[in-house]
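Structure record follows, encoded as structure tokens.
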């Protein structure tokens, strides 16, 4: 047996202990346990660990889609050259770039939109999917680099019309096979687009962690969640770090792509913020200065039962928003006449209609374990594999089912 390199412990000397109490404290030379063990410095500083990554590392190109006979311009990120088109729709706030400016009054959707995901939330998955299919990720109205005539109109009908207009403008009368992939809010939009049966080349529908029952039930808690959300950060890296440690995005690399693009710099406060500055704030947070303020939706601008520029969505709060977006969603999903895949982060999200439909084999369902709400961000490799397997299983080629 090899001998230990640790120095030997000192022998006990009771006489010395009685005469000199200081001998109870070992000297550095007499004890192997006196000094703090050496730990090598971290190989990756915090500022580098959470530093931003560029979209071009994942997508091949970006473009603006100008809708004819309107002033609407929608920004898209694209990757891949062959196979069907996987058309990705982000959740509220999961856009490539959250709006730098908002026209008119702030709304509950805008607060949700700035809560943190997007076209870029599909970045890591797109890098894998593009090897076998084309990927298009769109910035929805009121999000990112898209610019529209009415940024406040985020009704489900308008969002569906936007998606159809973009597809029409990009591909004309001979579109390739389209697989709609929608996360959260984007999942609701995807289901409504499919239900309209206005897209003849639609070959598949993938909905990511949005179910009518749980969505409706959670709406009453949305305002409280938004009002407690941290808003201001001294650096982009601190915002990325907070998002990861707070659990909104569990994958550090994905957060480094998607979170920086949801920030804007507030010159007056000399810091970065998630939420456009029309929203009021309260309670400066002390400590190390990482988080400076919290968001507070201005209650004084919320008439109780007054219709606004988006059909009462802002004035009646998040419940009114979701009521239109999610009511009847399960039946619309089940009635879509294309192959369907539902990805969930937990079985508790299933409502009665979907439970029955799943038992009847009306759609494929996969529960993705050990992930949060943003499945495509948290486990991009598994997400990409599930989408590609869905395409292969249903024999979806560039021109449809083969």
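Every residue number used here counts from 1 along the chain in the order it is shown.
Here the Cβ of each residue, glycine as well, is placed from N, Cα and C on the backbone.
TrEMBL does not curate its annotations; it predicts them automatically.
Marked as region 'Disordered' by TrEMBL: 1-33.
What TrEMBL lists as compositional bias 'Low complexity' is 1-10 (among others).
Taken from TrEMBL, the feature compositional bias 'Low complexity' covers 18-33 (among others).
Per TrEMBL, domain 'AB hydrolase-1' is recorded for 86-385.
Residues or ranges marked as active site by TrEMBL: 184 (among others).
According to TrEMBL, the active site annotation covers 209 (among others).
Every protein chain considered, the tally of other Cβ atoms within 10 Å of the Cβ of residue 373 (active site) stands at 21. According to TrEMBL, the active site annotation covers 373 (among others).
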- Message: Between the Cα atoms of residue 373 (active site) and residue 209 (active site), what distance do you get, rounded to the nearest Å?
- Response: 6
- Task: Could you measure between residue 209 (active site) and residue 184 (active site) for me? Cα positions, answer in whole angstrom.
- Result: 6
